[in-house]
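Lifted from Swiss-Prot, the feature list:
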REGION    1-232  region 'Pyrophosphorylase'
BINDING   11-14, Lys25, Gln78, 83-84, Gly144, Glu158, Asn173, Asn230, Arg319, Lys337, Tyr352, Asn363  UDP-N-acetyl-alpha-D-glucosamine binding site
BINDING   Asp108, Asn230  Mg(2+) binding site
REGION    233-253  region 'Linker'
REGION    254-448  region 'N-acetyltransferase'
ACT_SITE  His349  active site, proton acceptor
BINDING   Ala366, Asn372, Tyr373, Ser409, Arg426  acetyl-CoA binding site
Amino acid sequence: MSERSLLVVVLAAGEGTRMASRLPKVLHRIAGRSMLHHVLETTRQAGATRVAVVIGPDREDVAAEAHRVRPDAQVFVQTERLGTAHAVLAARAALEEPADDVLVLYADTPLLRPETLENLRAPLADGAAVAVLGFRPADPTGYGRLLTQGDALVAIREEKDATPDERRVDFCNAGVMALRAREALSILTRIGNANAKGEYYLTDAVEIARADGLSAVATEAEVDEVAGVNSRLQLAEAEAILQGRLRRAAMAGGATLVAPETVFLSVDTRLGRDVLVEPNVVFGPGVTVEDDVVIHAFSHLEGAHLERGVSIGPYARLRPGTRLGEGVRIGNFVETKAALIDAGAKVNHLSYVGDAHVGSNANVGAGTITCNYDGFSKHRTEIGAGAFIGTNSSLVAPVSVGAGAYIGSGSVITDDVPADALALGRGRQAVKEGWAAALRAARGKPKV
């Protein structure tokens with residue numbers, strides 16, 4: 001990582017009309033994080049000293065996300081959308097503070113790797129004033145071309161202005177630019193708007209720098225890194241690219257994904273060695289899985305920690321605040337939330353365990369419900385170590401079941417149960433012999 005100080009200006013003022021959404025474009029999520037979050041995290045990994053985020057008018061939600069992810073971010077408002085250079089100059093106060101390098105990124109380009117940004121900055125330390133990121137798409141139609149002579153970047157030519165020879169160039173402009181800070185303001189403030197749209201284009205910085213006798217260069221990125229998101233289709237395409245990266249990283253780290261294309265990970269998902277993930281599993285944000293865990297098909301996890309040797313599913317749902325101790329078994333159609341389940345405990349079938357602590361080696365039978373909400377507040381359930389909860393039982397919180405206690409099947413438990421006690425909370429069974437035969441005789445054969 002460079003020792004040079006770095007100001008990153010993130011442009012997040014676009015309207016995003018093609019998204020057809022009330023949510024600002026840059027707040028749409030990919031792999032569990034907003035696009036803006038992805039970009040800000042990349043700037044952190046790339047060694048940003050300061051970050052300035054340029055937003056549109058009345059976008060307090062975008063400002064809030066920027067400060068949530070990076071509390072020290074400076075936020076500036078571009079009151080009129082008059083082009084990319086105009087947007088960068090909206091952060092003029094940040095540009096006037098000391099820095100070695102300035103990096104301009106777009107909040108709707110969330111897949112850049114930090115090492116790509118470090119490579120883009122490197123020529124600035126060697127004397128270049130401007131460095132532009134390029135890529136080589138399979139079809140360059142529609143992109144601005146990067147025109148080079150040897151190692152020098154001569155110009156960025158928009159396709160509509162390009163000659164036939166220039167259009168044959170396949171090295172295209174990704175829009176990302178690094179500038180040496182001591183020349184940045186001088187260059188940016190001289191960009192004009194003498195074009196058809198009357199806008200100020202950042203791409204003009206290259207020719208202004210060269211006219212000043214300064215050096216401009218281009219570096220290259222992989223095509224998938226510079227994918228911009230302007231529509232729902234492109235959002236899905238970016239999701240697919242990032243999921244591919246995350247799946248490959250998980251498998252390289254020692255996890256088995258039986259059908260990788262059906263497993264969806266969040267950026268912060270952590271899978272240990274010899275974890276087995278069956279098909280159609282979704283990892284929401286905040287999931288950590290230790291070694292030797294088995295996650296059966298069609299399970300959904302979010303905000304959960306699974307210790308070594310856990311088995312969950314199929315069709316399990318782990319919600320935020322779930323922590324499963326070593327060797328815990330969570331079976332099919334079980335939902336947990338804000339639940340601490342200690343080592344060796346079992347919740348095998350058709351149960352809801354919320355706002356609860358289940359002690360080690362306890363057994364929670366099929367159809368057990370912790371009734372944690374009274375319409376106003378949540379309440380906790382405590383199940384002691386080695387307790388046995390019979391099937392189809394309701395534990396009405398706040399309530400405690402002592403260690404080693406038994407709850408009879410079908411019980412509704414409203415009072416605390418002492419350790420090693422048996423609690424029954426159901427009506428007594430009544431048997432009336434011959435009753436069914438008499439009913440059929442009185443009513444005749446049932447109609448189908």
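Any Cβ shown, glycine's included, is placed from N, Cα and C.
Bear in mind that the values here come from a model prediction, so they are computed numbers and not experimental data.
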Number of helical, extended and coil residues in the region 'Linker' (233-253), per DSSP: 20 helix, 0 strand, 1 coil
Where the record names Ala366, Asn372, Tyr373, Ser409, Arg426 as binding acetyl-CoA, the maximum Cα to Cα distance in Å: 22
Contact set, same chain, for the region 'Linker' (233-253): CB under 8 Å, 6 or more residues outside the stretch: 19, 28, 30-31, 110-111, 224, 227, 260-261, 263-267, 269, 271, 273
Nonlocal residues around Ala13 (UDP-N-acetyl-alpha-D-glucosamine binding site), in sequence order (Cβ under 8 Å, 6 or more apart): Val54, Ile55, Gly56, Arg59, Val77, Gln78, Arg81, Ala87, Ala90
Leu11 (UDP-N-acetyl-alpha-D-glucosamine binding site): tally of other CB atoms within 10 A of its CB: 25
Listed in sequence order, residues with CB under 8 A of Lys25 (UDP-N-acetyl-alpha-D-glucosamine binding site) and six or more positions away: Gly14, Glu15, Gly16, Met19, Met35, Asp108, Val229, Asn230
Assigned element (helix, strand, coil) containing Leu11 (UDP-N-acetyl-alpha-D-glucosamine binding site), judged by DSSP: strand
Alpha-carbon distance [Asn372 (acetyl-CoA binding site); Tyr352 (UDP-N-acetyl-alpha-D-glucosamine binding site)] in Å: 10
Spatial separation of His349 (active site, proton acceptor) from Asn372 (acetyl-CoA binding site) - C-alpha basis, Å: 19
Nearest-integer angstrom distance between the alpha carbons (Cα) of Tyr373 (acetyl-CoA binding site) and Asn173 (UDP-N-acetyl-alpha-D-glucosamine binding site): 56
Cβ contacts of His349 (active site, proton acceptor) (under 8 Å, same chain, 6 or more positions away): Gly331, Asn332, Phe333, Val334, Gly365, Ala366, Gly367
Between Ser409 (acetyl-CoA binding site) and Gly83 (UDP-N-acetyl-alpha-D-glucosamine binding site): CA-CA distance (Å): 69
Number of Cβ atoms other than its own within 10 Å, given for Tyr352 (UDP-N-acetyl-alpha-D-glucosamine binding site): 20
Neighbour tally for Gly83 (UDP-N-acetyl-alpha-D-glucosamine binding site), based on other Cβ positions within 10 Å of its Cβ: 21
Number of other Cβ atoms within 10 Å of the Cβ of Arg319 (UDP-N-acetyl-alpha-D-glucosamine binding site) across all protein chains: 17
